[in-house]
Amino acid sequence: MDIAIIGANGDVGRALAVQIISRQLLTPRQRLQLVGRREGGSASALHGLRADLHDAFAEITPEIDVALSPEDVAADLILFCAGRTAPTSSTQMISRHDLALANREVFESYASSLARHGHGEELVIIVTNPVELGVEVFSRHLDPRRVFGMGAYQDSMRLRREIATDFGVRRQRVHGYMLGEHGDALVPILSRFWIYGFDEAENAAALRKLRGDRHPGDFAASVMTEKAVLAQLVRSNEVEQAFRHAESQPPDLRAVLLPLITHISGAKTAQSTAAITAEMVEQILSGGQSVIPAQVKLAASDWFGPAGVLGVPVICGLRGWSRVIDLGEGEIDGEERDCLLAASQVIRDRLTSWGLS
Ligand SMILES: NC(=O)c1ccc[n+]([C@@H]2O[C@H](COP(=O)([O-])OP(=O)(O)OC[C@H]3O[C@@H](n4cnc5c(N)ncnc54)[C@H](O)[C@@H]3O)[C@@H](O)[C@H]2O)c1
């Protein structure tokens, strides 16, 4: 298994290279390809990064090479983190629409080249935003079962971590999903929540505590309200107060709001994104079949809604994802189902507005 990181000179790409090597996801005989642009600083910086990685991890480095054009990408697993990112300051504005149009070209150039020059068995994990756009573009060129967006995985792990903190357990003991869009149309699926090791009564009490008197359909409006409060605090330079405000919210809201302030504080979320992407890679490479929440391109026969890109739990292995699980009749709350249908519509509308209908 060889891995390519597209956009390897970016903040996420560099952190991801360190994660892949330090977790020894590749043996010394396998290859890590660092992919950047010929123009700009990448061409020289990637050779520097290659040397730095050898210097840091001499005993465990895989073979590392540098590629500077889409035609030269050659790997079994492609981690896509190239392109523009949302600004880290609340005063610099680039609309999501402009970000999408800029990144659509980058997605297209690599997806069409992989379709022409790849071996046809590649798995692709999209990190670049909008994740749903990347999944849509790649799924038009490659087998959709081999394309994943890591947004739902990251959002679900954040939800589990925040819940774990409140109940004083390790994140690995918490089950629960954050599905839908990696954006404003996120859907926490608390009806699939439980803590391993708690009995039925303890889990029911934990769920009551978690939900309080809130309904799944209220979540999107709460996110919008709290985002406006935080944007105001960050604009008036009260970043510490913004973090305190976000930390006072319930776990599902914290899972969305804390990364948002982290990004606009200037720190970005490169380290956590790289760590969680590497964890997802580790699961996929384990060789077994695991359940991974991810944005994928669904056919209407895959779930209870229409065809399109959506964050859902899928069974996944080295040949890609095979089916959606945990969303059957009676498995989730009726209101959560409605929220997922609404999220799917939001994503379809956005893709149409970005020229992909
Ligand atoms: N999914 C998530 O949870 C998540 C979290 C953080 C960041 N992101 C996204 O990841 C992406 C990268 O973020 P970052 O902070 O590393 O940004 P960055 O600006 O630091 O890096 C982007 C890199 O992409 C490279 N690039 C641009 N066009 C390219 C092309 N055509 N070919 C090869 N390389 C190209 C740039 O040279 C740069 O090195 C952004 O879209 C960001 O929104 C996603």
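We number each residue from 1, going along the chain as drawn.
Yeah, the Cβs are placed from backbone N, Cα and C, and that goes for glycine too.
TrEMBL does not curate its annotations; it predicts them automatically.
Listed in TrEMBL:
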type     : residues                                                                     : note
DOMAIN   : 2-149                                                                        : domain 'Lactate/malate dehydrogenase N-terminal'
BINDING  : Gly7, Ala8, Asn9, Gly10, Asp11, Val12, Gly13, Asn103, Val127, Thr128, Asn129 : NAD(+) binding site
ACT_SITE : His182                                                                       : active site, proton acceptor
Requested in this report: Show which residues of the chain containing Gly7 (NAD(+) binding site), separated from it by at least 6 in sequence, have their CB under 8 Å from its CB.
Outcome: Gly13, Val35, Gly36, Phe80, Cys81, Ala82, Gly83, Thr128
Report task. Could you say whether, by DSSP, Asn129 (NAD(+) binding site) belongs to a helix, a strand or a coil region? Result -> coil
Report task. Mind checking which of Asn9, Asn129 has the fewest other CB atoms within 10 A of its CB? They're the binding-site residues. Result -> Asn129
Requested in this report: Just jot down the residues in the same chain as Val127 (NAD(+) binding site), at least 6 apart in sequence, with C-beta under 8 A of its C-beta; none if empty.
Outcome: Val12, Leu16, Leu79, Phe80, Cys81, Met150, Thr273, Thr277
Query raised in the report: Taking Asp11, Gly13, His182 as the recorded positions to compare, which has the smallest set of other Cβ atoms within 10 Å?
Result: Asp11
Requested in this report: Pop the Cα-Cα gap between Asn129 (NAD(+) binding site) and the residue listed as 'active site, proton acceptor' into the table, whole Å please.
Outcome: 9
Report task. Just give the helix, strand and coil counts over the domain 'Lactate/malate dehydrogenase N-terminal' (2-149), going by DSSP. Result -> 66 helix, 25 strand, 57 coil
